[in-house]
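K.L.:
What TrEMBL records for this protein is below:
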TRANSMEM  63-84  transmembrane segment
TRANSMEM  96-117  transmembrane segment
TRANSMEM  129-150  transmembrane segment
TRANSMEM  186-206  transmembrane segment
TRANSMEM  212-233  transmembrane segment
TRANSMEM  288-310  transmembrane segment
TRANSMEM  330-349  transmembrane segment
TRANSMEM  386-404  transmembrane segment
TRANSMEM  410-429  transmembrane segment
TRANSMEM  441-463  transmembrane segment
TRANSMEM  469-490  transmembrane segment
Amino acid sequence: MATTGIKICLQLQFKFCILEILSLQQLLSLHISTMREMKATDPLHSPTEPSEGKEKLRLKQEVGLISSVSLIAGTMIGSGIFMSPEWVLHHMGNPASSLLIWAACGLLAMFGALSYAELGTIIKESGGEYIYILRIFGSFPAFIFAYTSVILVRPAGLAAVCLSFAEYSIAPFYPGCSSPQVAVKCTAAACILILAIINSLNVRLATSVMNIFTAAKLLALLVIVVGGLVLLAKGQTQNFQNGFQGTTAGIGAVGVAFYQGLWSYDGWNNLNYVTEELKKPEVTLPRALMIAIPLVTCLYLLVNVSYLAAMTPSELLSSGAVAVTWGDKVLGSWAWLISLSVALSTFGSSNGTFFSGGRVCYIAAREGHMPDILSMAHVRRLTPSPALLFTSLMSLIMIISGSFTSIVNFFSFMAWLFYGMTISGLLYLKIKKPELPRSYKVPIIIPIIVLMAAVYLVLAPIIDQPQIEILYIVLFIFSGIIFYFPLVHFKYHPRFLQRVTLHLQLLLEVAPTTRDAN
């Protein structure tokens, strides 16, 4: 009798649980349908918000001018300036031409950023290239970008920077020998998990971490700059004599040198990924770009001069870690400070890449190009935690295998392909829709120069030095067609995905968000 009573109670409890889940499913379906009704009807502006009496959930606008400059400079100054100089010199053949490449990369990054600033004042939504391609060219090109960027490009870039952080962090524990790969990969994985926690907890905490590490890495670069100026004052200028002798003339080699240099400048567009979280974006966006990028360019040039003042070109080319070799020659027993500085620099850059990269996934999901769960934000912390966790997962997968140099070339090819598409969209708006309101305008010659550079950077390595990896990249891009037509174009949504969304929403305590219509 008692057993029968227990069974009846358990059956009743089970039925109540089923009813509760069904009611939550209906609630979730209502959330998802409401979210999809909010998709843009005007291709360049956000739709009108639903009933004003309801409370809206959106990300906080907590990123000011200082944090914006820190986001740009902090992301740009990562592992590149400590690892890429030898590769730029390798492909160019001499110090003077390599310095010209570094200056040209800074100028190109500045032109690209100014072009993006105008786009950011026309389309005031987060998402960077994704949202601009979506509003200008439509759904299919935007999906291809999101598919490629969210699954492959962003996680690969983050994995490369975290591997650099791990390499420099554990190097002091293995003097005189290379660090074990297991230790390197475990440290890189720990770095990604820490960044996931920081960025999921609070936007202000993430920006504070960026500010602190940006100040630390700028101080480290100043030490290298001052050390180089002291060496030049002592007359160590022999490496700059006959500086253009042996310059490489091949278009492919110059393109690959640009890839390595531009990797160090990558991050110039990161502020456009978080436009909705900026305070007064129409003012903050262009101002932050005009402060951060010239600052970083000047520092990079001075740091490269310092490297060449301390080392001969052959020493620089044979160095596995340029900054560490510089520290050994200039700082002596204090050389460990350089390893610490590089670790701080790469961690700060990883944080900036993580902060902006998670927003791409979040915005793509909000527009219906990724699972709905990725477009939701934590109900109390107001951070896009599902998107951040997904980015973490993909980056952890990338860490399992990967070479720094191959990732850089692969990343740069993909990035400049979509940069060129985005800049062509700006030219279209300037020519066909000049009446659109914008608080900042860039001279049309600047986006034309950036577009020409993007075409060169995409085609030059293919024409001069074709590689099978490029074919794999193109095939991966077009594989997105398999997912686009059933899931996005024909809007086929399997019921099991809705159940998964329901349980993840309850587990992660997240809810759908609205756009910032300001």
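Note that Cβ sites are derived from N, Cα and C of the backbone, with glycine treated the same way.
Automated prediction, rather than curation, is the source of TrEMBL annotations.
I'd like these features described in context: how deep, what's nearby, how far apart.
P.N.:
Same-chain residues lying 6 or more positions outside the transmembrane segment (96-117) and placing a CB less than 8 Å from one of its CB atoms are 76, 85, 88-89, 128, 240, 243-244, 247-248, 254, 257-258, 261-262, 264-265, 268-269, 272, 285-286, 289-290, 293-294, 296-297, 300-301, 304-305, 419, 422-423, 426, 440, 442, 446-447, 449-450, 453.
Listed as Cβ neighbours of the transmembrane segment (186-206) (distance under 8 Å, sequence separation of 6 or more from its ends, same chain) are residues 59-60, 62-63, 158-159, 162-163, 165-166, 169-170, 277, 347, 350-351, 354-355, 358, 378, 381-383, 385, 388-389, 391-392, 395-396, 399.
Outside the transmembrane segment (288-310), and at least 6 residues removed from its termini, the chain residues within Cβ reach (under 8 Å) are 65, 68-69, 71-73, 76-77, 81, 85, 95, 98-99, 102-103, 106-107, 109-110, 113-114, 116-117, 218, 221-222, 224-225, 227-229, 231-232, 236-237, 239-240, 264-265, 268, 271, 316, 322, 326, 329-330.
For the transmembrane segment (330-349), same-chain residues at least 6 beyond its ends with a Cβ under 8 Å from one of its own Cβ atoms are 74-79, 81-82, 161-162, 164-165, 168-169, 171-172, 191, 209-210, 212-214, 216-217, 219-220, 223-224, 227, 231, 267, 310, 321, 323-324.
Listed by sequence, the residues of this chain that lie at least six past the ends of the transmembrane segment (410-429) yet keep a Cβ under 8 A from its Cβ atoms are 44, 112, 115-116, 118-119, 122, 129, 132-133, 136-137, 141, 145, 148-149, 152-153, 156-157, 160, 258-260, 262-263, 266, 269, 436, 444, 447-448, 450-451, 453-455, 457-458, 461, 469-470, 473.
Long-range Cβ contacts of the transmembrane segment (469-490) within its own chain (Cβ-Cβ under 8 Å, at least 6 residues beyond either end) map to 139-140, 143-144, 147-148, 152, 368-369, 406, 409-410, 413-414, 461-462.
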K.L.:
Looking at 63-84, 129-150, 441-463, which one has the highest count of Cβ pairs under 8 angstroms to the transmembrane segment (212-233)?
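P.N.:
Answer, by Cβ pair count: 63-84.
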